[in-house]
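Structure first, then comments.
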Amino acid sequence: METGIRSRKWGWSSLRTNATALALIAALFSALFLVNDTNILHNIIVSENKRVAILVYLTLGSWVGVLANLVYNKLFGRFIEPAFSRERWVSSRVQLYSFMAGSLAAVSTFVYLTVAGEGDPSILIALSCFSIMYLAVYDHLKAREKLRGVVSAGLLVLVGAALVAVQDMSAGIHVTLKALFLLLLVKSALDAVSRVFEKEIVKESGSVNLAFWRFLWLAVTATILAFAWASFAGIRNVYLELLGSLWLKALPWVALTMLLAYGGNTFRILAQRYGNVSTVAIVGMAQVAIAVPLTLVIAGVAPSGTFTLPTDPKVWAVRFVGTILITFGILLCPKAKKEKETD
């Protein structure tokens, strides 16, 4: 049986259709994105009200990201996907699915914001990745994957993600029922459905084209939600003032972040074109493991105070164990089946 990871030729022409390799490339971009994301919210876009800073970052990132995607598509689009020529509408069905994928991803982000701080961050992060299990069921029903193997690998990855995110060994493990409900049954479900919409149209739309339209609809939805949230919470003026005062200072950092997000999203969607979504999601969790040593390296060369890192050796020991579990989960994951092209 041919799989997405077996190939004697390891040039880009063969890796371009290798779901596992593409998912790992996406994970590397996403890990770099996470590190720079943390830097921006700690040092660039800051406010006494953390929610205001996040809303400003989401709004600015959305539209810088849309413009950046157009530029990056011109520069890298045909290298990533030779069939890509320009952004195109394709069909009403494809556009509807692109809208659903992007808007659901935006809503998912805001669901997470509503529970941020309501429990142990490590548990919240693990719960927010539970979409892997929903995607395993989807692939099982579509006869693409055996359920047991994916679930076992997924559980290892989820536990590993929780351990990698540990910040304080003495804080204890706690999470509110609200957070449990919203992350397991709402956010994770939204993430899973968003990826299913991507999977259903990626061959018809093209990966680079789909990544652009998905991000555009994500930006529109995120901006509407950010403004509505700020208005409802009574922080609209502070939100608009911070956005107006910081956008120029933050622009180069956000543009860099959007380049990393572009790589992560586009390569992930391309991976889903050639492999099943649950396996791509599990392999993509390598970003959590990669981010740990990456943060240490960057913190070592960055100016003092750029990152606030735990000093307790026990925390790093636990994170190391988490990294090992994620690695084992990825290795135990059923190999990404290379699907035949029909177009």
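For all residues, glycine too, the Cβ spot is worked out from N, Cα and C.
Keep in mind that TrEMBL annotations are predicted by a computer and have not been checked by a curator.
Here the structure is a predicted model, which means the values were calculated and not measured.
Here is what TrEMBL says about this protein:
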{"type": "TRANSMEM", "residues": "15-34", "note": "transmembrane segment"}
{"type": "TRANSMEM", "residues": "54-73", "note": "transmembrane segment"}
{"type": "TRANSMEM", "residues": "94-115", "note": "transmembrane segment"}
{"type": "TRANSMEM", "residues": "121-137", "note": "transmembrane segment"}
{"type": "TRANSMEM", "residues": "149-166", "note": "transmembrane segment"}
{"type": "TRANSMEM", "residues": "172-190", "note": "transmembrane segment"}
{"type": "TRANSMEM", "residues": "211-230", "note": "transmembrane segment"}
{"type": "TRANSMEM", "residues": "250-270", "note": "transmembrane segment"}
{"type": "TRANSMEM", "residues": "282-303", "note": "transmembrane segment"}
{"type": "TRANSMEM", "residues": "315-333", "note": "transmembrane segment"}
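Beyond the ends of the transmembrane segment (121-137), by six or more residues, the same chain brings 112, 115, 145, 147, 150-151, 154, 157-159, 161-167, 173-175, 179-180, 183-184, 187-189, 191-192, 195-196, 277-278, 281-282, 285, 288 to within a C-beta distance below 8 angstroms of the stretch. With respect to Cβ pairs under 8 Å, the transmembrane segment (211-230) is most closely packed against 54-73, considering the stretches 15-34, 54-73, 149-166, 282-303.
For the transmembrane segment (315-333), same-chain residues at least 6 beyond its ends with a Cβ under 8 Å from one of its own Cβ atoms are 149-150, 152-157, 159-169, 279, 282-283, 285-286, 288-289, 292.
Long-range contacts of the transmembrane segment (15-34) within its own chain (CB-CB distance under 8 A, at least 6 residues past either end) are made by residues 4-5, 7, 80-81, 257, 260-268, 270-272, 274-276, 279-280, 283-288, 290-291, 294, 335-338.
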